[in-house]
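Enquirer: First the structure, then my questions, so here it is.
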Amino acid sequence: MSLDIKKYPTLVLADNPMELRQLPKESLVALCDELRQFLLDSVSRSSGHFASGLGTVELTVALHYVYNTPFDRLIWDVGHQAYPHKILTGRRDRIATIRQRNGLHPFPWRGESEYDQLSVGHSSTSISAGLGMAVAAEHEGLGRRTVCVIGDGAITAGMAFEAMNHAGDIKSDLLVVLNDNEMSISENVGALNNHLAQILSGKLYSTLREGGKKVLSGIPPIKELVKRTEEHIKGMVVPGTLFEELGFNYIGPVDGHDVQGLVQTLKNMRAKKGPQLLHIMTKKGRGYAPAEKDPISWHAVPKFDPHMGTLPKSGDGCPTYSAIFGDWLCATAADDDKLMAITPAMREGSGMVAFSRQYPRQYFDVAIAEQHAVTFAAGLAIGGYHPVVAIYSTFLQRAYDQVIHDVAIQNLPVLFAIDRGGVVGADGQTHQGAFDLSYLRCIPNMVIMTPSDENECRLMLHTGYHYQAGPSTVRYPRGNSTGAPLTDLHELPLGKGVVHRQGAGVAILNFGTLLPQAEHAAQAINATLVDMRFVKPLDDTLISELAASHQALVTVEENAIMGGAGSGVNEYVMQQRLQVPVLNIGLPDHFIPQGSQEEIRADLGLDGAGIQRQIKDWLA
């Protein structure tokens with residue numbers, strides 16, 4: 001897919017920041033309009049993250065116009081909003097390949113461009129990394145500046161405040177831009193704050209303020225009076241007390257869609273010393289009415305017709321595993337008012353919208369605070385309630401110590417519903433759920449279940465919920481379920497697998513939703529196929545029986561081979577001195593790049609043909 005760049009006469013002159021900085025300031029409004037239209041035209045044809053980028057067009061232009069990137073370092077938190085940044089940094093012609101196999105990375109990525117200073121994907125990392133870069137720049141002594149752009153959601157995470165607390169303490173030169181898109185800007189207050197921001201960020205104000213401090217330093221009562229008066233005046237229009245207390249000079253809020261005003265304010269702030277925070281107000285989805293009205297639905301989009309203003313409806317296929325979880329959650333809460341469901345800012349993605357509306361007193365969105373979510377669940381369990389933590393595999397990594405220290409050591413009955421286990425797809429290395437079986441399997445007291453279809457998923461959620469002897473996890477993938485018929489809920493016997501197909505010679509031990517692919521291979525080579533169901537406790541008895549009646553065992557899982565379910569089988573076989581070779585099939589020892597789930601599985605030999613080929617090659 002290619003767009004006619006002649007339709008964007010100003011944008012064509014700004015293929016990179018050096019060209020951008022040659023444009024007259026008066027042309028920046030037209031550039032922003034064209035950049036926003038280019039983003040709409042491109043993403044509507046290729047799919048990708050959408051609403052966030054529409055909201056940061058003016059900020060992106062202003063930052064690259066004022067700062068000498070890539071010498072000056074610009075860091076984007078999470079990266080959903082960085083499409084305009086990629087377009088303006090030499091990647092305009094490849095933007096249609098974003099999130100696709102062998103295409104542009106979905107987030108800023110160090111290996112892709114010198115303008116991408118930090119590889120990102122998870123939230124709230126920008127200020128910590130930016131502070132490290134700022135300290136390095138001070139030691140370097142070349143006058144390099146550092147800017148971090150972070151959203152109002154990401155800044156709520158503890159890591160962001162830890163970094164700001166440190167920055168305020170060591171007084172390094174660092175600009176944090178808080179992109180606040182939670183509310184619209186009042187014209188009157190916005191205009192007043194824009195004017196105030198230029199005054200507060202200007203040289204005259206800084207000189208007077210510092211000079212006044214020196215003059216009044218020997219007169220504490222007067223100095224304190226002036227400080228309080230200043231804070232009172234700023235406080236009427238500037239909600240920055242918290243950031244000031246952390247040691248930042250706070251400027252804002254300002255209109256994040258006034259590119260001329262942003263350029264002037266950023267020019268003023270670039271020369272300032274110490275930690276600075278610029279608070280800008282933006283509209284997520286800016287310039288495209290449907291996305292402005294419903295930015296959540298338009299956050300990441302498939303291909304769509306921009307003239308229609310609607311997203312294509314998903315087919316009438318099987319429900320997603322997230323929806324299966326959400327339905328189970330609502331059904332269980334209907335019979336048990338002690339159920340407490342927790343999510344770290346992933347209500348929609350985890351399938352919890354209906355539950356949050358039907359059972360608001362039993363629903364807790366703790367924001368981007370994975371560590372708190374897990375320990376909060378521990379407290380609920382101690383209090384006699386039944387917590388369910390719904391969390392993506394890749395984000396549970398951020399709360400690993402809490403899982404061990406606050407839940408497992410105390411053997412608390414917390415159920416972890418782990419979504420996006422295994423190959424996730426288009427979001428690439430930072431979002432694949434490759435490691436959860438490995439990092440959970442080594443934790444004492446933890447029960448780990450891997451359903452092969454939606455019915456098993458429901459049964460395992462039910463089993464884990466009613467398991468009161470300690471913590472449990474149910475791990476399921478992104479995407480649609482298989483269409484398996486749903487049975488009445490009942491508890492499964494712990495640590496027991498099911499023989500799915502009887503064959504000879506080779507026994508395939510499958511963990512999770514690769515069962516159809518494993519079945520393809522089993523039929524092709526007449527192998528026995530087992531749905532193991534439990535990673536921990538393992539079905540030791542069944543493994544011993546299979547080892548005695550087969551010449552070889554093969555484990556299949558959509559997790560890292562190192563430390564995963566197959567490693568558990570290996571450990572048991574060696575411990576028992578069973579005389580049978582074992583082949584482990586799973587994710588290799590490297591980070592998995594983006595692509596569709598089907599493409600990635602085929603590349604890694606995890607489709608039916610690939611599993612069959614790996615077994616045949618091993619047996620040869």
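We count from 1, first residue shown onward.
Placed from the backbone N, Cα and C atoms, the Cβ positions cover glycine too.
Sharing the features that Swiss-Prot gives for it:
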- HIS80, GLY121, HIS122, SER123, GLY153, ALA154, ASN181, TYR288, GLU370: thiamine diphosphate binding site (BINDING)
- ASP152, ASN181: Mg(2+) binding site (BINDING)
Enquirer: Write out the long-range same-chain contacts of HIS80 (thiamine diphosphate binding site), meaning residues 6 or more apart in sequence whose Cβ is under 8 Å from its Cβ.
Expert: HIS49, SER52, GLY53, PHE107, HIS299, ALA300
Enquirer: Pick out which of the binding-site residues ASP152, GLU370 has the most other Cβ atoms within 10 Å of its own Cβ.
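Expert: The most densely surrounded of these binding-site residues is GLU370.
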Enquirer: For thiamine diphosphate, with binders HIS80, GLY121, HIS122, SER123, GLY153, ALA154, ASN181, TYR288, GLU370, what's the maximum Cα separation in whole Å?
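Expert: Spelled out: the longest distance between any two Cα atoms in HIS80, GLY121, HIS122, SER123, GLY153, ALA154, ASN181, TYR288, GLU370 is 33 Å.
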Enquirer: With every protein chain in view, what's the tally of Cβ atoms within 10 Å of the Cβ of ASN181 (thiamine diphosphate binding site), excluding that atom itself?
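Expert: The answer is 22 other Cβ atoms.
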Enquirer: Residues with Cβ closer than 8 Å to the Cβ of HIS122 (thiamine diphosphate binding site), same chain and 6+ apart in sequence?
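Expert: Correct list: VAL78, THR394, PHE395, ARG398, THR430.
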Enquirer: Could you check what DSSP calls GLU370 (thiamine diphosphate binding site) once collapsed to helix, strand or coil?
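Expert: Where GLU370 (thiamine diphosphate binding site) sits, the three-state DSSP reduction gives helix.
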Enquirer: Could you tally the C-beta atoms, other than its own, that fall within 10 angstroms of the C-beta of GLY153 (thiamine diphosphate binding site)?
Expert: 18
Enquirer: Reported as an integer number of Å, what is the Cα distance between ASP152 (Mg(2+) binding site) and ASN181 (thiamine diphosphate binding site)?
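Expert: Each residue's Cα considered, ASP152 (Mg(2+) binding site) and ASN181 (thiamine diphosphate binding site) end up 7 Å apart.
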